[in-house]
Amino acid sequence: MKDVVIVGGGIAGLAAAWRLRNRDMVLFEAGDRVGGRIRSERRGHYWMNWGGHVYDGNPASSTQWLLNDAGVESRPVPGNLAGLSMNGRLLLSGRVETFPFRVPMSWRDRASLIRAGAKVRLGVARYGRLVKRRPGEDEATRQQRVYDFKNDISFADYVGDLTEDAEALFKPTVTRSSAEMHEISAGAGIGYFNLVWNLGAGLSHSIVGGPSTLTEGIAAALGARVQLGAAVQEVVHRRNSVVVRYSQGGAGHEVHARCVVLATPAGVSARIAVDLDAEVKDALAQVRYGPFVSAAFLTDEAGPCPWDGTYAIATPKRSFNVVLNMSNNVHGHSTARLPGSSFMAFSPAGLARQLLEQDDETILKTYLDDLDQVLPGTASSLVEAEVARWPEGSVYSFPGRARLQPVLTRRDSRVLLAGDYLGTQYTETAVYTGLAAAAAAESTLDADRTARPAPPAS
Ligand SMILES: Cc1cc2nc3c(=O)[nH]c(=O)nc-3n(C[C@H](O)[C@H](O)[C@H](O)COP(=O)(O)OP(=O)(O)OC[C@H]3O[C@@H](n4cnc5c(N)ncnc54)[C@H](O)[C@@H]3O)c2cc1C
C-alpha cells in the first residue's frame with residue numbers, strides 16, 4: 001500500500017509530489033512528458049515557449065515558495081511589460097491607458113473606449129481592494145469573495161455596446177482568459193484588466209531557462225516516482241484506502257494508497273473518480289475551459305530590434321491576440337545584444353476555435369504573415385517555428401461560477417482535488433492547491449498512524 005498516489009504531472013501534481021517526496025509516493029502522468037500546460041524547450045541562450053509564461057512574483061506566494069524550495073531561479077520580466085500593434089501603429093512603451101489616444105482611430109471609437117474604459121477602471125479599483133487578503137482571513141474566504149464579485153452578469157453586458165475599434169482594443173485583454181466577452185463573468189473580465197494594467201504586481205516573473213526548468217527539475221529530482229505514459233482510468237474508495245486503476249505500456253495495473261491527489265483537469269477528475277460525492281462530481285463537470293492555440297518562433301537576426309525591450313504586445317484584429325517577446329528576458333539581462341530572438345504568439349477563445357480546425361502548416365503560415373506585419377523582418381530571420389494546440393487552455397469564471405466554489409473545495413474523502421480550476425490565479429492556484437492537497441494527505445497519514453493499534457508489548 002502506497003502512502004499517496006498523485007494523478008497528473010502538471011504543476012499542481014508536481015507541487016504535491018515535491019511536498020510529499022519523503023513519503024511512499026508515486027505520480028502517474030498520462031502523457032510522455034511532465035508539465036501539462038507548461039511547456040518550454042531550451043535553444044542556446046533562449047527558450048521556446050508554448051504554455052504558461054509569467055508567474056507570481058509575490059515573495060509570499062506558493063509559486064515563489066516552490067521555486068525557492070526546488071532551487072529554481074525566477075526574476076521579474078525586464079523592460080516594458082505592455083505594447084500595442086493596431087491600425088498600422090506599433091507602440092512599445094508608455095502607460096496602456098494612453099494607447100487609445102496614440103493609435104489611429106475615429107473620435108467615435110475613442111469616445112466609446114473612454115466611456116467603457118472609465119467603467120472598467122472603477123471596477124479595477126474595487127477589484128484591487130477586494131482581492132487583497134484581510135487581517136485574520138483564510139485563503140478560502142478571500143477566494144470566494146473574488147468569485148462573488150460581479151458574478152451575475154457577463155463582461156459584455158457590464159461594458160455595454162462598443163464600437164468596432166473599441167471592441168477590438170478591449171478583446172485581446174479579456175479573451176486572454178480563454179473566454180469571449182459574453183462568456184466570462186464581469187468580475188473575472190475586470191480581474192483580467194487588473195492583471196494587465198498592474199502586470200508588475202501579479203504575474204510578473206519569468207523562470208530562468210524557461211518554465212519547464214521548474215517542472216522537469218522537480219520530475220528529475222523525484223526520479224522513478226514519476227511514471228510517464230500512465231493513464232489513470234479509475235479511482236475508487238475502499239474503507240480506509242483508495243484503489244487506483246491505470247494503464248501503462250499496453251497493460252492494466254492496480255495500486256492501493258491511503259490517499260490520492262487528483263491533479264487532473266476538472267472533467268477528467270469527474271470521470272475517473274467514480275464514487276466521488278455526486279454534488280462534487282456535478283460541480284467538476286460544470287467547470288469551463290476555453291481553448292488556446294500558441295506557436296513559438298526562433299529567429300537569428302544579428303543586431304538589435306526596436307521591440308527588444310518590450311515583453312507583451314497586444315495585437316487586435318490579427319490571427320493571434322498577443323506576441324510575447326520571450327527573449328526580452330535574456331536581452332534585458334545581457335550587457336551585449338546577443339544575436340537572435342524567441343517569440344510566442346497565442347490565440348484564445350474564438351480565434352483558437354477557428355485555428356484548431358486547420359493543420360499546423362496553415363496555422364504557421366497565417367501566424368508568420370501576421371507576425372511579419374507586427375514585427376517587420378521576423379519572417380526573413382526565422383530559423384524554427386512550432387505550433388501547440390490546447391483545447392482546454394485555461395479555466396475561466398462564467399456567470400454563476402461562484403456558487404460551485406464551496407462544493408469544489410469541500411474535503412471529506414481520501415481523494416483530494418488540486419488544479420488551477422479551483423481558483424482564479426492560474427499557475428499560482430495550481431501550486432497552492434497542490435501544496436494544500438499534499439498537506440491534507442499528510443494529516444490523513446498521521447491520523448491513520450495514530451489510529452493504528454499499538455504493537456503488543458513484548
Ligand atoms: C498558451 C497558454 C498560456 C498560459 N499562460 C499563463 C501564464 O502566463 N501564467 C499563468 O499563471 N498561467 C498561464 N496559463 C495557464 C497555466 O498553464 C495553467 O493554469 C497551469 O499550468 C495548470 O496546471 P495544472 O497542473 O492545474 O493542470 P495541467 O497542466 O493541465 O496538468 C494536468 C495533467 O494531468 C494529466 N492527465 C490528464 N488526464 C490524466 C489521466 N487520466 N491520468 C494521468 N494523468 C492525466 C495531463 O496530461 C496533465 O499533464 C497558460 C496556459 C496556456 C495553455
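Cβ coordinates are placed from backbone N, Cα and C, and glycine is handled just like the others.
Those TrEMBL annotations? Automatic predictions, nothing curated.
Ala30 (FAD binding site) falls within neither a helix nor a strand when secondary structure is assigned with DSSP, and so counts as coil. Of all Cβ atoms in the shown protein chains, 20 besides its own fall within 10 Å of the Cβ of Ala30 (FAD binding site). The feature FAD binding site is assigned by TrEMBL to Glu29, Ala30, Val232.
Long-range C-beta contacts of Phe346 (substrate binding site), restricted to its own chain and to partners at least six residues apart, with a cutoff below 8 Å, comprise Phe292, Val293, Ser294, Ala295, Phe320, Asn321, Val322, Leu324. Annotation source TrEMBL lists substrate binding site at Phe346.
The annotation domain 'Amine oxidase' is assigned in TrEMBL to 11-440.
Long-range Cβ contacts of Glu29 (FAD binding site) within its own chain (separation 6+, distance under 8 Å): Gly8, Gly9, Gly13, Val226, Gln227, Leu228, Gly229, Ala230.
Its Cβ placed at the centre, Val232 (FAD binding site) has 26 other Cβ atoms within 10 Å.
Spanning the listed FAD site, residues Glu29, Ala30, Val232 have a farthest Cα to Cα distance of 8 Å. Each residue in the domain 'Amine oxidase' (11-440) has a pLDDT score, and their mean in this model is 95.
The record gives Glu29, Ala30, Val232 for FAD. Within 8 Å of the mean position of their Cβ atoms, the other Cβ atoms in that chain belong to Val7, Gly8, Gly9, Phe28, Gly31, Gly229, Ala230, Ala231, Tyr246, Thr264.
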